[in-house]
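Before any comments, here is the structure.
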Amino acid sequence: MICENHTRVTEFILLGFTNNPEMQVSLFILFLAIYTVTLLGNFLIVTVTSVDPALQTPMYFFLRNLSLLEVCFTLVMVPKMLVDLVSPRKIISFVGCGTQMYFFFLFGSSECFLLSMMAYDRFVAICNPLRYSVIMNRSLCWWMAMGSWMSGVPVSMLQTAWMMALPFCGPNAVDHFFCDGPPVLKLVTVDTTMYEMQALASTLLFIMFPFSLILVSYTRIIITILRMSSATGRRKAFSTCSSHLIVVSLFYGTASLTYLRPKSNQSPESKKLVSLSYTVITPMLNPIIYSLRNNEVKGAAKRTITQKVLQKLDVF
């Protein structure tokens with residue numbers, strides 16, 4: 001549809017969180033600190049799981065991929081959000097908005113499938129421990145990780161191409177801190193029922209289907225754990241899954257509130273807080289959750305840091 005009597009939108013204004021300059025400075029400092037912790041924590045996980053010989057197992061291979069994915073996920077939104085907090089003009093071009101939306105959908109969908117692959121890994125480790133090394137071989141792990149990373153490409157291309165092909169002929173103020181689907185959809189000047197139906201179908205496929213796989217895996221895991229005769233064995237088995245369960249709950253719990261209802265009556269402020277939780281807060285918490293609840297990761301981190309310090313001392 002061509003915008004009759006109106007100029008097609010060529011850029012968007014991201015309204016962000018507030019127009020109060022003092023509040024913007026405070027938010028900039030807060031989010032910069034969070035982003036710094038996110039990068040340091042996830043790069044630490046990547047480093048220790050790459051160099052420490054004790055962590056060369058499928059579980060830590062997938063954890064390394066999750067950390068890399070979190071870095072990419074936050075890179076799509078947080079730097080632009082930080083710039084907008086200290087910039088008088090919070091502008092993003094039409095192409096830039098589409099690009100940000102594409103990579104947001106890509107990495108978000110990829111994380112859904114990667115979390116389901118991690119659940120399957122725990123299922124095999126606990127329910128079939130004798131064949132774990134045979135089933136979860138190096139080749140299968142690489143294919144599972146590659147499939148997770150690439151799984152978001154089709155839905156990202158479809159969602160973004162369809163969205164940006166719709167007519168934007170009127171207002172261009174996006175009441176959000178990045179180009180997310182639901183707030184941008186509100187600016188479309190035609191009926192969006194077909195797009196919303198497609199978006200809901202994609203959500204069910206790329207959020208609920210991996211979540212169903214996780215539920216099935218953990219149902220089998222819980223049954224296996226309850227059948228264990230040793231209390232020590234039950235505690236050890238549950239401890240290997242607890243970190244993943246917390247991460248899954250944080251990610252799926254907040255993301256489903258947004259994407260299962262793309263045009264809900266929820267206030268824009270509430271939607272921003274929900275989006276903030278899974279785009280900024282959760283990526284920061286993931287390495288903290290995995291490191292604090294995992295003695296192997298803590299031990300590997302200490303060894304890696306100690307080794308780096310000793311190497312520096314040897315230089316001097």
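Keep in mind that glycine also has a Cβ here, set from the backbone N, Cα and C atoms.
Annotation comment: TrEMBL describes 41-290 as domain 'G-protein coupled receptors family 1 profile'.
If you look up TrEMBL, you'll see 25-49 (among others) marked as transmembrane segment.
The transmembrane segment annotation in TrEMBL covers 61-82 (among others).
If you look up TrEMBL, you'll see 102-120 (among others) marked as transmembrane segment.
Residues 58, 61-62, 65, 69, 98, 101-103, 105-110, 112-114, 117, 120, 181, 195, 198-199, 202, 205-206 of the same chain lie 6+ residues outside the transmembrane segment (140-162) yet bring a C-beta within less than 8 angstroms of a C-beta in it. Feature annotation from TrEMBL assigns transmembrane segment to 140-162 (among others).
Tertiary proximity for the transmembrane segment (197-216) is limited to same-chain residues at least six positions away from its ends with a CB under 8 Å from its CB atoms, namely 109, 112-113, 115-116, 119-120, 151-152, 155, 158-159, 162, 181, 248, 252, 255-256, 259-260, 262. What TrEMBL records for 197-216 (among others) is transmembrane segment.
According to TrEMBL, the feature transmembrane segment maps to 237-255 (among others). Outside the transmembrane segment (237-255), and at least 6 residues removed from its termini, the chain residues within Cβ reach (under 8 Å) are 59, 66, 108, 111-112, 115, 118-119, 122, 125-126, 207, 211, 214, 218, 221, 224-225, 228, 274-275, 277-278, 282, 285-286, 289-290, 293-294.
According to TrEMBL, the feature transmembrane segment maps to 275-293 (among others).
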Within this structure, do the transmembrane segment (275-293) and the transmembrane segment (25-49) have 3 or more Cβ pairs under 8 angstroms, counting pairs 6 or more apart in sequence?
yes
May I ask for the residues of the chain that lie six or more residues beyond the transmembrane segment (102-120) and have a Cβ under 8 Å from a Cβ within it?
59, 62-63, 65-66, 69-70, 72-73, 76-77, 144-145, 147-153, 155-157, 159-160, 178-181, 206-207, 210-211, 213-214, 217-218, 244, 247-248, 251-252, 255
Against which stretches of its own chain does the transmembrane segment (61-82) lie, if we need a Cβ under 8 Å and a gap of at least six residues from its ends?
14, 16, 28, 31-32, 35, 38-39, 42-43, 45-46, 49-50, 92, 100, 103-104, 107-108, 110-111, 114-115, 117-118, 121, 141, 144-145, 148-149, 177-178, 247, 279-280, 283, 286-287, 290
